[in-house]
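First the structure, in the form of structure tokens, and then the observations on it.
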Amino acid sequence: SFEGRVEVYHDGKWGTICDDQWDDQDAEVVCRQLGLSGTPKALSWAHYGQGSGPILLDEVQCSGNELSLDQCKKSDWGQQNCDHIEDAGVSCDPFTGTDVQLCQSDAGMVRLAGGRRPSEGRVEVYYNGDWGTVCDDGWTDLAAQVVCRQLGFR
């Protein structure tokens with residue numbers, strides 16, 4: 001849910017982005033545009049598989065401060081010299097850059113308990129046959145976002 005091939009919608013169709021000039025500043029903009037926090041990483045050479053259909057963007061060059069890819073320097077829509085083997089990808093990895101280590105697991109291994117609503121409460125994890133709590137040392141908003149995503153909340 002936080003990484004994959006980057007596709008954009010333009011003029012009624014979805015298409016991919018060529019990885020020419022693709023770097024972590026571009027990934028930072030994609031992560032921001034998708035509302036994802038974490039460590040942005042640009043991936044090249046169809047790391048997440050080759051797309052199909054048109055290649056809509058090429059030569060994307062963001063400074064990293066833009067709110068969307070539309071604001072970045074880039075080729076005109078559809079103007080490219082690429083093949084799908086060059087499809088760009090991004091990882092907005094929420095499991096890096098935090099002191100709290102959360103393991104990727106099925107949503108059934110994490111729960112919220114004691115809250116007034118299903119979307120709040122004490123974080124509990126299931127490990128070795130028992131439910132237990134998570135210490136708040138180093139706990140950050142980023143760690144909370146990971147739990148929320150794991151439980152299917154936005």
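Here, residue 1 is simply the first one shown, and the rest follow in order.
Every residue gets a Cβ built from N, Cα and C, even glycine.
The cysteine that TrEMBL pairs with CYS92 in a disulfide, picked from CYS31, CYS148, is CYS31. Of the listed residues CYS18, CYS135, CYS18 is the one TrEMBL pairs with CYS82, by disulfide bond. Rounded to a whole number, the distance between the Cα atoms of CYS92 (disulfide bond) and CYS62 (disulfide bond) is 16 Å. Taken together, the residues in the domain 'SRCR' (110-154) have a mean pLDDT of 83 on the 0 to 100 scale. For the pair formed by CYS82 (disulfide bond) and CYS31 (disulfide bond), distance between Cα atoms is given as 23 Å, rounded to the nearest Å.
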